[in-house]
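Please read the structure below before turning to the comments.
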Amino acid sequence: MTTLTLVLTAVGSVLLLLFLVMKARMHAFLALMVVSMGAGLFSGMPLDKIAATMEKGMGGTLGFLAVVVALGAMFGKILHETGAVDQIAVKMLKSFGHSRAHYAIGLAGLVCALPLFFEVAIVLLISVAFSMARHTGTNLVKLVIPLFAGVAAAAAFLVPGPAPMLLASQMNADFGWMILIGLCAAIPGMIIAGPLWGNFISRYVELHIPDDISEPHLGEGKMPSFGFSLSLILLPLVLVGLKTIAARFVPEGSTAYEWFEFIGHPFTAILVACLVAIYGLAMRQGMPKDKVMEICGHALQPAGIILLVIGAGGVFKQVLVDSGVGPALGEALTGMGLPIAITCFVLAAAVRIIQGSATVACLTAVGLVMPVIEQLNYSGAQMAALSICIAGGSIVVSHVNDAGFWLFGKFTGATEAETLKTWTMMETILGTVGAIVGMIAFQLLS
């Protein structure tokens with residue numbers, strides 16, 4: 001099948017999905033499944049491969065996310081009901097002031113997300129944003145956009161995030177320069193796409209705290225201290241961070257290395273934190289065991305719907321990936337004769353927009369530009385700058401084929417149209433600012 005046909009099929013699928021969800025008001029899960037199957041048929045995918053691809057997309061997306069979102073939902077709900085999240089929110093508001101709350105939550109997202117996957121950081125911190133919104137009476141948009149921007153900036157640009165680590169290794173970039181240029185991209189990107197954009201778009205889009213988030217239930221005990229509350233939030237971050245540090249100093253394959261790998265896996269880290277929150281906080285406050293289990297059960301109800309829609313988004317992404325549209329589009333764009341830094345950004349952005357996966361966009365862009373770059377003998381510093389250009393392109397224009405789009409919408413209660421105005425624009429601004437920093441760095445280093 002020709003490149004043009006594949007691209008038209010992908011674009012048509014996205015437009016049809018937007019129509020079904022936003023105009024026809026079809027449930028997002030059903031619409032995603034219908035369009036995924038249609039995209040497989042029209043892209044020329046063998047009939048016996050379509051169902052297998054859909055299963056692969058669902059399993060690949062939920063294999064990690066299901067456990068993270070479920071445990072994270074219970075953990076966050078326990079912290080909320082015991083007043084721990086309120087303590088953190090109140091302390092942050094006292095330290096930064098109500099007028100700078102959006103900068104505080106953005107910075108928290110940027111720092112806390114360093115050792116974590118994007119989704120893990122969001123499920124751990126979203127309850128803090130809800131609590132801050134309740135205390136300040138602020139439009140939720142003004143707080144969740146900076147939070148998501150901070151987490152997204154760390155995930156896209158900062159080592160040891162999975163994406164920048166992958167890019168640095170694939171591009172043979174200098175890790176020191178990768179850290180420096182990544183910081184120069186992440187910090188202004190977070191500020192512009194987070195607090196500044198969130199403040200602006202909050203005039204036009206209003207989101208409210210979800211209905212299931214009410215005043216904390218404190219049982220018969222006292223409000224936990226700020227120090228203990230913060231330590232609970234930081235516990236999974238520390239466990240994951242220990243794994244990252246151990247990978248540098250402990251011999252791979254040793255017993256100690258395997259233990260650090262086990263303890264620092266997000267599943268283990270969040271499970272441990274969840275158990276500490278239940279037995280070390282809720283029950284010590286005097287909360288009955290039945291009440292604690294009821295809270296955990298209630299936390300899983302909205303999580304189930306969130307996971308189904310995200311999984312369906314993964315199905316759509318996988319169908320587009322397996323159709324071959326990414327490499328076909330990339331090869332067409334490579335021959336356009338653009339400057340190499342711009343080419344890196346445009347390639348990653350094009351694949352991202354068509355397929356939805358930031359990781360696939362990064363890998364596709366690297367695979368297409370490396371044969372050209374290797375002949376030019378760029379330094380490790382220049383390769384780091386080009387890596388940041390690719391990272392920026394890989395996160396722009398997040399829409400209905402990206403799991404992050406549905407994660408934002410379902411956690412915040414935003415409609416699809418509101419998610420496009422808030423989340424999609426935030427990601428686009430963040431990626432563009434980061435890529436511009438990468439392009440400037442490449443020019444200065446040339």
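Placement of Cβ uses the backbone N, Cα and C atoms for every residue, glycine included.
Quick caveat, the model's predicted, so the values are computed rather than measured.
Under the topological domain names given by Swiss-Prot, Asp48 lies on the same membrane side as Tyr204. In this chain, the transmembrane segment (59-79) lies apart from the transmembrane segment (177-197): fewer than three C-beta pairs between them fall below 8 angstroms, excluding pairs fewer than 6 positions apart. Nonlocal intrachain contacts for the transmembrane segment (27-47), taken as residues 6+ away from its ends with a CB within less than 8 angstroms of a stretch CB, comprise 1, 5-6, 9-10, 12-13, 16-17, 20-21, 53-54, 57, 308-309, 312-313, 315-316, 319-320, 322-325, 400, 406, 416. Beyond the transmembrane segment (110-130), the same-chain residues lying 6 or more positions past its ends with a Cβ under 8 Å from any Cβ of the stretch are 64-65, 68-69, 72-73, 75-77, 79-80, 85, 88-89, 92, 140, 143-144, 147-148, 150-155, 158, 160-162, 186-187, 190, 209-210, 213, 233-234, 236-237, 240-241, 244, 266, 270, 404, 407, 411.
Only pairs six or more apart in sequence are counted, and the transmembrane segment (295-315) with the transmembrane segment (226-246) gives fewer than three Cβ pairs under 8 Å, not enough to call it a contact. The recorded stretches the transmembrane segment (177-197) and the transmembrane segment (425-445) share 3+ CB pairs below 8 A when only pairs 6 or more apart in sequence are counted, and are therefore in contact. Here the transmembrane segment (2-22) touches the transmembrane segment (388-408). Their Cβ atoms form 3 or more pairs under 8 Å, with each pair 6 or more residues apart. Here the transmembrane segment (388-408) sits apart from the transmembrane segment (226-246); fewer than 3 CB pairs are under 8 Å, leaving out pairs fewer than 6 apart in sequence.
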